[in-house]
Amino acid sequence: MDEKKGHYAKHSGPKAEKKKLKKVSDGSASNNPKAFAVASAGRMARQAMRTADISQKKLHVPMVDRTPDEAPPPVIVAVMGPPGTGKSTLIKSLVRRYSKYTISQITGPITVVAGKKRRITFLECPNDLSSMIDVAKIADLVLLLIDANFGFEMETMEFLNILAPHGMPRIMGVLTHLDLFKKTSTLREAKKRLKHRFWTELYQGAKLFYLSGVLNGRYPDREILNLSRFISVMKFRPLRWRNQHPYLLADRMEDLTLPVDIEQNPKVGRKITLYGYLHGTNLPKHDASVHIPGVGDFVTSDVSSLEDPCPPPDADKVRRRRLSEKQKLIYGPMADIGGILFDKDRVYIEVPTSNFSKDENSEAGFGERMVMQLQEAQQPLGVDGNSGLQLFSNSDAIDTVDRESSEIDNVGRKTRRQPTGLINQELIKEDEGAFDDSDVNSADENEDVDFTGKIGAINNEDESDNEEVAFADSDSDLGGQFDDEDSNLRWKEGLASKAALAYSQSGKRRRNIQKIFYDESLSPKDAYAEYKGESAKSSESDLVVSDDEEDFFKVSKVANESISSNHEKLMESESDRLSKKWENPQLLAQLKSRFITGSLLDSIEGQEEVSQDDEEGDFEDLEDEENSSDNEMEESSGSSVTAENEESADEVDFQTEREENARKKEELRLRFEEEDRGDPEKKDVDWYTEEKEKIARQLVINREAFEDMDPESRAEIEGYRAGTYVRIVINDVPFEFVEHFDSRYPVVVGGLLPNEQRYGLVQVRIKRHRWHKKILKTNDPLIFSMGWRRFQSIPVYSISDSRTRNRMLKYTPEHMHCFGTFYGPFVAPNSGFCAVQSVANSFAKAGSFRIAATGSVLNIDQSTDIVKKLKLTGVPYKIFKNTAFIKKMFSSPLEVAKFEGANIRTVSGIRGQVKKAVDQEHGHFRATFEDKILMSDIVFLRAWYPVQVRKFCTMVTNLLETDKTEWNGMRLTGEVRHELGLKTPLRPNSQYQEIVRPSRHFNPLKVPASLQAQLPFNSRQKALRPRSKPTYMQKRTVLLNAEERKVRDLLQKVMTLHTDKEAKRKAKKAAEHERYHKRMQKEEQAYIEKKREEKAEWFAQHGKRLRQDGNSSGSGKRSKN
């Protein structure tokens, strides 16, 4: 049976064209727009709301990213975690993934190439508090390792709370030790629990990776590959503090102090150098103020840029889809990488025993071929110094050259040699159409090749392998190493003319004026000639090109013209040319436009016409006379006519000037209307997009302002940019830093702004951390991490009292913010900080949370207005109606005079005022009140006393200690007493005592008998007068006889029996009630169970009946009731 063919739609032909025309629509969704209208208004509203929420979540405050695009600094990736979580193993695995290099020990930062434009610096964060604070300030990405088998530890939570006030960089969680879980269900539950706990601390959806067991000392390659991909594509938002300050992570340190000085004084201040990649903003080249956390503040002695030890792959400007193995570089000078290990006092270099192998399948380049040939050498270089120069393989070595004295006057070189060693490379690139001045600037200035007087040698076309290597950049340019048809190559044609053209064009290139001006080896004439290009011009005129192809290295004659004659000719030609330029009307019009009377439009036209003469740069080429002679003739011919036009233009009448002013007003009005109207294309642009475009435009302007400057001049003006590998020299560093240097602890060099070098009172908004076990007390020392510094100071806490004063607090509030004022270095307001009581690891052995408080800076000042309450009490000793005399409040009349007019009040609330002092010794004073007070009243005066902040500030210098984790500053008073075994002193006035108040005796109220008789009965005195004599019954005692005593005894016994029976009856009744309640509870429980069963049975039957009814109705039959 034949198979059926599939249907293939036609794509060409008449029928296909008709179908294409049918598909053409008028822009609507379909031919029937009503069919595709909104079906549900609620759904559309929800969709619109969701779209708006997504767009709003993407918005953030636009910030200027000052990181350069061409060579950004390496991304600092900090690996942090508690001890034993696998930090070193993770770094080894990642380094192995990026560079194929195995590290035995991690000491210091390690930089690797991660992509075409990205480099990564891995840093292992130690577990001490000082290192965690320093790493939190410079890390771009934090890999937070968590032991999944144990959970979150105290170091992890502390580090998260340190990151928050310092900018909160990117964080990625990594769970390790997953292989310790025996059951899959337990592992799944642990992952879910830790993931949600991690999201609680950061944000919903924070990335969390899972690493299983270790294989061969590394994590599995697939898991490391997934993690490295996320690291490579991670985007970073500029942080505020880092975007305003320069900083670097030192990857190398050297001591440059003279050994003689150290021998004379071992404690002398050291001169050190720190190396590293610059981050943040530009670092000034001279006298930059920096701070090294853990050491102190310094001023740099010298800052210089070095060659990048780990350059990015895109530096060669060659587009590649992936990195080659040679481009996967690694740089870690303080680790055993690359065979070089920097120790404290020596450098270890590992020399590998394997030689360079030339048995490679790939085609070798020029450098590799040279190394191969050096391996085959039988004798080292310099053994046979008289071997001479062998030009050809079948010729003899030439020892000397006989030169005719009549032809050459060998007087030595009188001018500086031109760097012409790259003529061949320039000619090849020019022939290929890829000539660039940057290639010339990158030439090696130490090349000893000199072609002065030997241009004829370049024109030789002899087939030689050595010459072929000299003129070729690579094997691709040669077209094969053993090619016998070199004479047919295009690049060999007209080499002499190309060389002469290259020499003539060398004078047109921009020269480094500063280098020529400050070169002491040049005389003023030579410097002027070098600036004007006279040396290149003279060398071009002195060279006699020989086109004789039969001669090889033919020595040509040198024209002996003096420099002074050339200088005079140049000056004459320059003066003639300048005089002609002053006659040019266009240049004169441009000059006039620089003044107020000049027209802006005329200046723009003049710039467009004259800009063609300045294509070579800011400096005029005065030697290209041939190219400019024709133009100058034309300018001189038209100068007379232009002069007449200018004279006529100067005689403008008043009417023409008014018309010109009216035209300018109209242009200005139209411009304002256009601005009010706005650009119709930008009507939909919101504020966020507009601000980002404004920032981008400003960055382009800033970048273009320095593009035309050489690197040295640019560094003098704006400093060294981020991404530059710099060398910083610092003097007078404490000798402990060098003696106790440990590369495991990070060394950060942070730049300081001018305002941050001053000290004063800093007011902050502070809150005790909710996990810290104790509240903070005023005048207890606290260690602050603010800016680059870590310092200890004494804060005073306060709170705003009715927005009129700052009232001092003895302790911080429990769950709210308060103000804190302390003496320390200034930082910009709104900068975050965190505070701890101690950075020593011994303080953490108690298992408590060490982050004491967090907050932000509010204000910086040199004074403060914190006050505390002062209550003065006194008692009256004389009272005259509303006037009273008070004592025991002041001790002298001077104090009374200071408080005259102050408000006072009594405990009962009667207000008064201080008047005058009445005693010259004891401080008594007269006061008036709004009502009469009693002698028993206490009078008090409420005042506010200013509090002075203690000016104490000391830097945390843990890097100067032998043990970096045990730095101790000022201790608390309780700690000192505990260590010394002293008891807390108890002041008598501060002790709590029982309040003993004397009982008051009131005199009896005497109401006159006449008044008492008029009172109603209820208002009369009820208290009777006590009897002075006892009554009749009180005087006599009742004695019982025997019969009465028997009756009373019997009644007492009967009552006792009755009481006992009543107690037994009540107890029996209570027991019966208890049994009854138990029985009723059982019956109630049984009733509830029975009701539950009945309900379940009823619902089951009812559901069955409903299902039956549904089935019967679905089958189309009517159910019977």
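Cβ coordinates come from backbone N, Cα and C, glycine included.
Owing to the predicted nature of the structure, the values given are computational and were not obtained by experimental measurement.
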If one consults Swiss-Prot for phosphoserine across S357, S464, S611, S628, the residue flagged is S464
Report which of S93, S474, S793 appears in Swiss-Prot with the annotation phosphoserine.
S474
Between S25, S304, S546, S575, which does Swiss-Prot record as phosphoserine?
S546
Report which of S55, S476, S562, S648 appears in Swiss-Prot with the annotation phosphoserine.
S476
According to Swiss-Prot, which residue among S442, S636, S802 is annotated as phosphoserine?
S442
Can you give the mean pLDDT for the region 'G5' (211-220), rounded to a whole number?
86
Around the Cβ of P83 (ATP binding site), how many other Cβ atoms lie within 10 Å? Please give the count over every shown protein chain.
10
Within 8 Å of the Cβ centre of G81, P82, P83, G84, T85, G86, K87, S88, which other residues of the chain have their Cβ, at the recorded ATP site?
L145, D147, T176
With neighbours defined as other CB atoms within 10 A, the best-packed of the binding-site residues G81, G86 is G81
Here are some binding-site residues: P82, G84. Which one has the most Cβ atoms within 10 Å of its Cβ?
P82
When counting C-beta pairs under 8 angstroms to the region 'G4' (176-179), the leading stretch of 109-113, 124-127, 211-220 is 211-220
Would you find the one among the binding-site residues T85, S88 whose Cβ has the most company, meaning other Cβ atoms within 10 Å?
T85
Please give the sequence-distant neighbours of the region 'G5' (211-220): residues at least 6 beyond its ends with Cβ less than 8 Å from one of its Cβ atoms.
86, 89-90, 92-93, 96, 174-176, 178-179, 227
Is it possible to list how many residues within the region 'G3' (124-127) are helical, extended or coil according to DSSP?
0 helix, 1 strand, 3 coil
In DSSP terms, the compositional bias 'Basic residues' (7-22) comprises 9 helix, 0 strand, 7 coil
Can you tell me how the residues of the region 'Disordered' (1060-1085) break down into helix, strand and coil by DSSP?
26 helix, 0 strand, 0 coil
By DSSP, how many residues in the region 'G1' (81-88) are helix, how many strand, and how many coil?
2 helix, 0 strand, 6 coil
